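Taken straight from Swiss-Prot:
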{"type": "DOMAIN", "residues": "5-70", "note": "domain 'J'"}
{"type": "ZN_FING", "residues": "134-216", "note": "zinc finger"}
{"type": "REPEAT", "residues": "147-154", "note": "repeat 'CXXCXGXG motif'"}
{"type": "BINDING", "residues": "147, 150, 204, 207", "note": "Zn(2+) 1 binding site"}
{"type": "REPEAT", "residues": "164-171", "note": "repeat 'CXXCXGXG motif'"}
{"type": "BINDING", "residues": "164, 167, 190, 193", "note": "Zn(2+) 2 binding site"}
{"type": "REPEAT", "residues": "190-197", "note": "repeat 'CXXCXGXG motif'"}
{"type": "REPEAT", "residues": "204-211", "note": "repeat 'CXXCXGXG motif'"}
């Protein structure tokens, strides 16, 4: 039976580097692992081939011999798992089962080292003007902070933590199991120290050995001009306290802007409706237009039609953390009066006659009808 090409088994080129080989192995090991293919003999054999290929190609000396002689006869090494100590199987199972797959270690190897604290999320409501022009706000949050009494060690001042006798300070316990596939070494979090590698025999009275305490803290937040609903403002180092001397997490302020009854916002542009009489729309006029900066004068031409939109350049919302501003758009609404006095009726009738909408001979009868309609 011809020997299989280990490069073909892993699906990589002969010139593949270590990272490419490891990536290919992870993908295939996840796909064909016996735990995922219970009772599938074909998958079990495939997994053995994948493991054997990886054992050879991941070892520079074995790979060199394999490339030169086309064989990897290393004392009948087979498909055992003894070479997996340098490969974190937890990475594979975390990607399949989610974070922290028990029994394989993964991130547990790093639990006794410094870790950044969790981030904190906070929502804040702003008025329309606060969002447009920017504002300084003070928020009050409850979060964990490093205990000042023990400076985060968790131990009573004047005492020290001790190395865990069960894991000898590593924070993890290795368990070797013999299976049909070979010798399998798994890494578990030490149940005595919780993965920290140390044990506190005399805990701090303030934090009860945790190294952190819950506190309410007031933080001033500078809201930049131009923010809008959905924007998130990061504040570095104001999250939960770090673990094992790690830095604190970050605070993320989520913005929600309350609507304004007059101004409508779309991005950095502002839209308003401007009501004018049909006479002013016909003759043209100077309007006093309300903007976020106050009133401005704007001339509209004669014959302006309902629905005409004028642009006031640079009168919109400031761009966040940038130069310039959006624009303001003015939508013209022509108001038609629901009632007219006698002089207004006569003026309109004169307009109709002047524009040829009625003939002189129709004047008396038509005017009588108009008078009846407006009584």
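Each Cβ is built from the backbone N, Cα and C atoms, and glycine gets one as well.
Computed from a predicted structure; not experimentally measured.
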Worksheet, complete the sentence: residue 193 (Zn(2+) 2 binding site) sits from residue 207 (Zn(2+) 1 binding site) (Cα to Cα, rounded, in Å) at a distance of 17
Worksheet entry | Non-site residues, in chain order, whose CB comes within 8 A of the mean position of the CB atoms of 164, 167, 190, 193 at Zn(2+) 2 | 165, 166, 168, 169, 170, 171, 172, 173, 191, 192, 194, 195, 196, 197, 198, 199
Worksheet item: Near residue 190 (Zn(2+) 2 binding site), which residues of its own chain have a C-beta under 8 A away, given they sit six or more steps off in sequence?
Response: 164, 166, 167, 170, 171, 172, 173, 197
Worksheet item: Can you count the other CB atoms that lie within 10 A of the CB of residue 193 (Zn(2+) 2 binding site)?
Response: 24
Practice prompt. Determine which residues of the same chain, besides 147, 150, 204, 207, have their CB within 8 A of the center of the CB atoms at the recorded Zn(2+) 1 site, and list them by sequence.
Written response: 148, 149, 151, 152, 153, 154, 155, 203, 205, 206, 208, 209, 210, 211, 212, 213
Practice prompt. Show which residues of the chain containing residue 147 (Zn(2+) 1 binding site), separated from it by at least 6 in sequence, have their CB under 8 Å from its CB.
Written response: 154, 204, 206, 207, 210, 211, 212, 213
Worksheet entry | Rounded to the nearest Å - Cα separation of residue 193 (Zn(2+) 2 binding site) and residue 150 (Zn(2+) 1 binding site) | 19
Item to complete: Mind looking up the mean pLDDT for the zinc finger (134-216) in the predicted model?
Response: 86
Item to complete: Count up the helix, strand and coil residues in the repeat 'CXXCXGXG motif' (164-171) according to DSSP, in that order.
Response: 0 helix, 0 strand, 8 coil
Fill in: In the chain carrying residue 150 (Zn(2+) 1 binding site), residues 6 or more apart in sequence that have Cβ under 8 angstroms from it
156, 157, 204, 206, 207, 211
Item to complete: Specify the count of other C-beta atoms within 10 Å of the C-beta of residue 204 (Zn(2+) 1 binding site).
Response: 22
